[in-house]
């Protein structure tokens, strides 16, 4: 009852402030026109008639994240990797071994539902990640969606089941490092091609620029891959999914109870 | 007849108030497991808001992280500590 009264007070305060803001907006109305910076991005993100400015990606957000400001995203990935390294360092000395005698987990109904929905979630995550240059989404989004499935399996089946199936910390670390190496090589792809054919090229270059003729293919087998964007999304998806899986494995490993020797 | 744009704004207002109420309940709930559920409800309202504000990229990263991963991690954390929040008697 007391909580209900407090909720009503809260709602009325919000509504009162909203009313004041409505009156205040009579004096300040944000314009409906698109700002010049947004016009630039929207008019160049997929524009075959401007070959030196376009990214060949109809998804402006992914184009900005991995092309216009690609270096920022690379360092964001590095921050996530360092956080994970810190987590692994905190959990050092813990060895995760499969324990076939430990048949934990939830009921058969929950396990069956998890078995059915698991592949669906992975498919949705892969679709979000690999279509990141065409539709809303991208590598991080797809990887985070896929990472939900290890968490659900750990909770419904127990962490020993996951390790028994071969999803160990070391294997996930290898997968994550593979993703990061892939991101690094994709960032250097244009430079490597440029060195091979003896032309000027830049790090993080995607499409041809006026000072550099090196360009990654925008179309592969007549389907749009937007040069580096598809590869960045693929490797980022692998790295994020494997990274979250390591975090869950370390978090869910049961700790020793008091008075029990390791 | 109400124009569709007004309906969208109305729905956004309802979602925003709903998220604020969920935050209030999440903060004052003593049962931490219920607090996690209220926090997830707030995240769902936010996901609606992002979608109606035409930011589908944010929706796609917000849904798995805020509705899937964070409640999962918090529930693991609660299972390792205590479910009830202790109240300091001198403070209350």
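Even glycines carry a Cβ here, placed using N, Cα and C.
These numbers come from a predicted model, not from an experiment.
For the ranges A:206-228, A:229-251, the feature annotated in TrEMBL as transmembrane segment maps to A:229-251.
It is A:78-96, from the ranges A:59-77, A:78-96, A:97-115, that TrEMBL records as transmembrane segment. Ranked by Cβ pairs under 8 Å to the transmembrane segment (A:78-96), the stretches A:7-29, A:140-163, A:175-197, A:229-251 are led by A:229-251. Stretch with the most C-beta contacts under 8 angstroms to the transmembrane segment (A:140-163), considering only A:7-29, A:175-197, A:229-251: A:229-251.
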